[in-house]
Structures are given as C-alpha cells and as structure tokens.
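J.: This is the structure, below, for whatever I ask next.
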Amino acid sequence: MAILSALLNLLFPPPPSLFVSAMSAISLVSLARAGFEEMKGTHLQYSKFQNVNPSTKEKIQLSSKSGMLLLYTPAFLVGAASFFVFPHEGLRTTFVQSALTLHFFKRVLEVLFVHKYSGTMALDSAILITLSYFLSTATMLYAQHLTQGLPEPPIDLKYPGILLFFIGIFGNLYHHYLLSKLRGSGEKEYKIPEGGLFGLVICPHYLFEIIEFYGISFISQTLYAFSFTLGTTFYLVGRSCATRRWYQSKFEDFPQHIKALIPFVL
C-alpha cells in the first residue's frame, strides 16, 4: 500500500485508453526482454554487433549512417509534428514535446556530423528499432495529451526532470564526441575509449541516455513514460554488459576495473 500511495503522488491517474495501457506493458516487457537477450548473446545487429548471430538467410544491409538516420528521423518528425497536433496544452506538455524533439534532433545531427561509421546495419534490426522509437515517442506524446483536465500529481517532478534531462543530453553528447575522436581519417578499427567516464565504465553514453529518459519521465509523470524508461534501462544494461564482454574478447589489455554502465557497481 505504501508503494501504491507513493506512485499515486508521483503519477497522473492511468489514462482511459486501452491502447496506452497496453503499450505501457508492451514497452516494458519487450525492452526488458531485448536486454535479457543481449545479456545472453543474441544482439540487435548494429554497431560492433553488426556481424553477430549469423543466419543462413542473407539479410539486406544498410550503410550504418543510413541505418542510423532511419532510426531517429521518424521519431524526430513525430516530436516536431506534436507541436501542431497538440498545441497550447500547458507548460508540462510543451516541455515533454520539446525534450523528445530535441533528443531525436540531436541524434540526427550526431549521425550527420559527429559519428564516424565503417560498417553496415541489418535492415530488419533497423526497422525494429525505428518502429520502437516511432511508436514510443508517439505514445508518450499521446499519453501526455490524455492528462489534459486531470489534476496534477501532488509531487511535481518536472523541474528536477528538466535538470536530469540536460545532464543526460550533454553527458551523452560529450561521450559520443569522445568516441568520434577515437578514429582518424580512414580508420575503421575499434579502440578502447578514453576520457570522460570511459575510465570507469565502457558505456557512459548509455548511462547518460538513461539519465536523460528519466528526466523526460519526471517531466511527464505518466505511467507510459516511466514504463518505457524502465524498459529502456533494462535494455541498455543488457547492451552495455554485452559491449563490455565484446571489448574483453577483442583487447587483451582491456582494464578489468572498467565496469559496463555504473561506475564501481555494474
């Protein structure tokens, strides 16, 4: 009862929408399952895992840059369109719209101007991730729209959420920049990352992405936002642990004190 009471103080009431309620459960379970599969060694085929899980059936491949643009552009367009579909719905909704749109706009800009790509991405993995980002963004915005007319949660988290969001987005950008500097012109080989929090964890960019999404959840204070963020946490925990194992297998001098995601812990 104490946990339920705390949740009622933090969240808007569940929306009268079967779609949003179902998506809350689906997002959490599917992302958590994907994270578990990453831990087991069954990976979505992009980045350094593009050639794992070999199949007897030849898969259609995209260049990594084209694949990444496909991943982020539809979600960015959904966020931008929300300002016209759900205009003037209050400060909280505007913050959620702005945060989601800025997140995916930043990712598009990183693909175009920051990251250096050398491989390919399986089309089926690209489509799966694109649909996940597109549907989750659209659902989060729709769930926020459904809070119109509802009483605000007794505990207002939107301003702490804004702080978390900006810590997350700048931390993520900084560590993506450090990754981009690992390769010189024409180089394709992976190297052990250095700088920032890379001396403590191998995936600080994932850590800051998690912080960013918790910031969005705090701004939103809807059940769907927290369900998606919790699922994303499970997925990125699995992906970061798999990434650490990959570096250990490729580099004999990989520092064993470097954790996967959380300094000194995991």
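Keep in mind that glycine also has a Cβ here, set from the backbone N, Cα and C atoms.
Unlike curated entries, TrEMBL annotations are predicted automatically.
Sequence annotations record features per position, and here TrEMBL assigns transmembrane segment to 18-36, 69-88, 126-145, 157-174, 195-216, 222-242. Look at TrEMBL and you will find 159-266 tagged as domain '3-oxo-5-alpha-steroid 4-dehydrogenase C-terminal'.
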J.: Let me spell it out: take the transmembrane segment (195-216), skip the flanking residues so only those 6+ beyond its ends count, and list any with a Cβ under 8 Å from a Cβ in it.
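T.: Here the qualifying positions are 96, 99-100, 103, 140, 161-172, 174-176, 178-179, 225, 228-229, 232-233, 236, 239-240, 243-244, 247, 258-264.
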J.: With pairs restricted to those 6 or more apart in sequence, evaluate whether the transmembrane segment (126-145) and the transmembrane segment (18-36) have 3+ C-beta pairs under 8 Å.
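T.: Touching, yes - the transmembrane segment (126-145) and the transmembrane segment (18-36) meet the threshold of 3 or more Cβ pairs under 8 Å.
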J.: Using DSSP, tally how many residues of the domain '3-oxo-5-alpha-steroid 4-dehydrogenase C-terminal' (159-266) sit in helix, strand and coil.
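T.: Final tally across the stretch: 71 helix, 2 strand, 35 coil.
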J.: What residues in the same chain, six or more past the boundaries of the transmembrane segment (18-36), come closer than 8 Å to it by Cβ-Cβ distance?
T.: 44, 132, 135-136, 139, 142-143, 146, 223-224, 227-228, 230-232, 234-239
